[in-house]
Structures are given as C-alpha cells and as structure tokens.
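These come from TrEMBL:
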TRANSMEM  12-32  transmembrane segment
DOMAIN    23-154  domain 'Tripartite ATP-independent periplasmic transporters DctQ component'
TRANSMEM  47-64  transmembrane segment
TRANSMEM  85-110  transmembrane segment
TRANSMEM  130-147  transmembrane segment
Amino acid sequence: MQQLVNVIESGLKKLLITLCALIVLGVTWQVFSRYVLQSPSSTTEELARFLLIWIGLFGAAYAYKMDSHLGLDVVVNKFNQQVRPWANVFAHVVVLFFAVAVMIIGGFSLVNLTMDPTQISAALQVKMGFIYSAVPISGIIISIFSLQKIANQISAIVSTGE
C-alpha cells in the first residue's frame with residue numbers, strides 16, 4: 001500500500017506543478033493579448049477557470065496526504081491524549097465516507113450527466129464531463145490516502161496498546 005501511495009503522491013505533486021505552470025502561462029497570455037495585442041484570447045479565461053477546478057481538487061488531496069488540512073487537526077486536538085488516536089481514526093473514516101459517497105459516487109454521476117454532447121464548454125469546446133472528472137479522480141486519491149492513514153493510525157494504537 002505504501003508504494004502505491006508514494007507513486008500517487010509523486011504523480012500528484014508533478015500534476016499540481018504542471019497545472020500551476022499552465023494557469024500562470026494562460027493568465028499571462030491573456031493579459032498580454034488583451035493589453036499589448038489589443039485582441040484578448042477567447043480561450044484563456046475558460047482554461048484558467050477549469051485549471052483552477054483541477055488545482056483545487058487535486059490540491060485538497062495533496063494537502064490531506066501531507067496532513068495540512070487544518071479542519072481535521074482542530075477537531076482532533078480538542079480531545080484528550082487518550083481519546084485523540086481514536087478521534088483521529090474517526091476523522092479519517094469520516095473523510096473516507098465523504099470521499100466515497102460524495103466525491104466518487106456523486107462525482108461519477110456528475111460526469112455521466114455532463115458527458116452529454118450538449119454539455120460543451122463555450123470557448124474550449126470540451127465536454128464538461130472531462131472537466132468534472134477531477135471530482136471522482138480526486139475522490140479516489142483521497143480514499144486511498146484515507147485508507148492508509150486509518151491503517152497506520154490503528155497500527156500505531158495497537159502497537160502502543162492504547
């Protein structure tokens with residue numbers, strides 16, 4: 001499981017770097033074409049919006065993996081030292097439930113609805129289902145990270161005998 005998580009984390013990091021570079025290039029081109037060339041690009045605004053969706057969803061998955069999600073820490077740290085490990089497990093189970101129920105199941109429903117030929121973006125002419133596919137994909141990634149965190153936490157609890 002650890003090897004899979006490492007491969008996903010590495011790929012996610014590279015994907016986020018690439019997406020951030022693309023959004024910077026796209027917005028820079030938009031500003032240049034609008035103010036210097038006096039002919040704004042029709043696709044860069046929509047591209048930036050779609051890239052921001054992907055960056056937000058995949059960035060959330062990466063932040064969860066790196067334990068940078070502030071909300072989980074705030075809730076778990078309210079418990080005393082004896083209960084905190086189990087509260088941590090519970091928090092990761094809640095994240096797993098949300099990722100599966102909302103992001104994966106709901107995300108695939110959203111993708112199926114928006115793969116309709118009439119659901120096409122205005123400027124890029126891309127099926128919206130491709131754009132929204134970031135929801136179930138990031139849900140799968142978060143689920144994998146969550147399963148690893150649950151297994152690691154339970155293993156730590158068992159090894160310390162709490």
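Cβ coordinates are placed from backbone N, Cα and C, and glycine is handled just like the others.
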Segment confidence, the domain 'Tripartite ATP-independent periplasmic transporters DctQ component' (23-154), expressed as mean pLDDT: 95
In the domain 'Tripartite ATP-independent periplasmic transporters DctQ component' (23-154), how many residues does DSSP assign to helix, to strand and to coil? 99 helix, 2 strand, 31 coil
